[in-house]
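> Let me begin by handing over the structure; questions about it come next.
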Amino acid sequence: MKTLKSLAYVVALPLLLVLLWWASTRGEPNFFVPTPSALVDVFGPTWFEGRITGDVLPSVGRLLAGLAIAIILGIVVGLLVGLNRTLRALTEPVFEFFRALPPPVLVPVLILLVGLNDGMKVAVIVVGCIWPVLLNTIEGVRSIDPVQNETTRSYGISGLNRIRYQVLPSAAPTIMAGIRQSLSIGLILMVISEMFGSSSGLGFTILQFQRSFAIPEMWSGILVLGLIGLALSLIFQWCERRVLRWYHGLKEVENAA
Amino acid sequence: MSTDVLEPGRAAQPRAARPGARRPVPKPVLGLAGVLGFLLIWELVPRVGLVQPRFLPPASEVIIALVRDFGLTAFWVAVGHTLMAWAIGLAAAVVAAGILGLVIGMSPFLRRFTNSTIEFLRPVPSVALIPLAVLLFGVKIESSLMLIIYACFWQVLIQVLYGVADVDNVATQIAQSYGFSKLQRIRHVVFPTVLPYLMTGIRLAASVALILAITAELIIGSPGLGREIADAQSGGAISGMYALVLATGLLGVAINIVMRQVEQRLLSWHPSVRGEVVL
């Protein structure tokens, strides 16, 4: 009974919205908004006959590659800078500038520097996504409890061991918050880099549908992007729960007290 | 000055007390040195020939182009267009998300009822709406606004929902037993708890709004700095393009600084801000 009720809560509003959509497009056909059935009809043929392997998977691959490079690079550089006070002061204004720079403006710059190819698209994602991770890592390392620092020192834990067992775990919640921000930036940049002078990929395809006024196909493309975003955020939530299990447990104990 | 205070973690080290030890260089000086170092590297890379100057002009050339831009009316008109889309979009998103967030957050039923829909719509990237915006509005400011409002709405809504969930149970019960009306409860119990969360949401949304304003201009071609960048690139005015990129970065920095100031003013009573001031 209880699971049934929570299931009802999950599906009630989406069902209601689809019904509303269906009812409002049933009368006179609106050029801009297809009926739900037209969208469903078009979805399969549009995406499952070649476009999944030709456009969607390469796009997602570039996104994942860019994100992975940005996260690893961001954490490594963030640790180096965060653990050294002079380096931190030296780089702070420059890093703040790059964080404030809207990442899409890097697309034309990198087209010039790298050229129109897959490398450019991955580079755009890396250059845009690295800043939240990098700055959050620095912030996380900086705000480690000083008592904990002295304890590790007096136990003679140093070097890689200190980073592995003290620094990384203490900074993990902040780092994860940075990674969460970089996910949505990465998705935006994936689409933009393909909309800007490209001949394949998800962003290009959706823009192509719009230019040829293939409205239901265009909507199905928006739906695909939404599903990718949803999948990305679900995967991230799952990872975060695993990585930060001890942290959430600690919070619960603290809140209960 | 924070740099004069020894970090607690370093107090045990004898190094600081050693005679003749270097005094720490003040932080702003190091920051300035970092900026100058960055500009120097940028200047040298094309001059030495690591990258061809027609792809990456030296920093001095770009800065001269930027200064020249500052004297042009067209540049300030573009900045004005970008800032107008930014401000209207951000304001609309904050008002809508603030009110909806309070209404949904304060009702346990609505929170459960809307949860799945919010979690589904939130990760939809706003740039997916670009084709739709082009169809509906064409190359006008409304296209930018549609993207900005969609993206910022979720940033603020989620923060407000977190904020309402964080309201202290005891405070709510006290307000109830004192016979507070619903409006009074919102004003005196819920709102002060939500405000810090709301401000975080607005601060995040402010930079997201700038990103999408520039994106819409870059891709759709609605008027503003983004379109100027696209025009400069396709017209081969490379130093001009880099100067405009630099200008958008400076605009981003300015927005960040202003939002931080506003946050500190509004939350001067809050422990998190009071703590920051002491440091």
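Glycine residues also receive a Cβ, built from the backbone N, Cα and C atoms like all the rest.
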> In TrEMBL, which of B:1-22, B:111-132 is tagged region 'Disordered'?
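TrEMBL lists region 'Disordered' for residues B:1-22.
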> Can you work out which residues elsewhere in the same chain, 6+ from the ends of the transmembrane segment (B:240-259), have a Cβ less than 8 Å from its Cβ atoms?
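The answer is 56-57, 62-63, 65-66, 68-69, 75, 79, 82-83, 86, 202-203, 206-207, 210, 214, 225-226, 228-229, 232-233.
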> Would you say the transmembrane segment (B:85-108) and the transmembrane segment (B:145-165) are in contact under the rule of three or more C-beta pairs closer than 8 Å, pairs 6 or more apart in sequence?
yes
> Within the same chain, where does the transmembrane segment (B:85-108) have neighbours whose Cβ lies under 8 angstroms from its own Cβ atoms, ignoring anything closer than 6 residues to its ends? I mean 6 or more beyond.
114, 141, 144-145, 147-149, 151-157, 159-161, 163-165, 186, 190, 194, 198, 201-202, 205-206, 209-210, 212-213, 216, 222, 224, 255
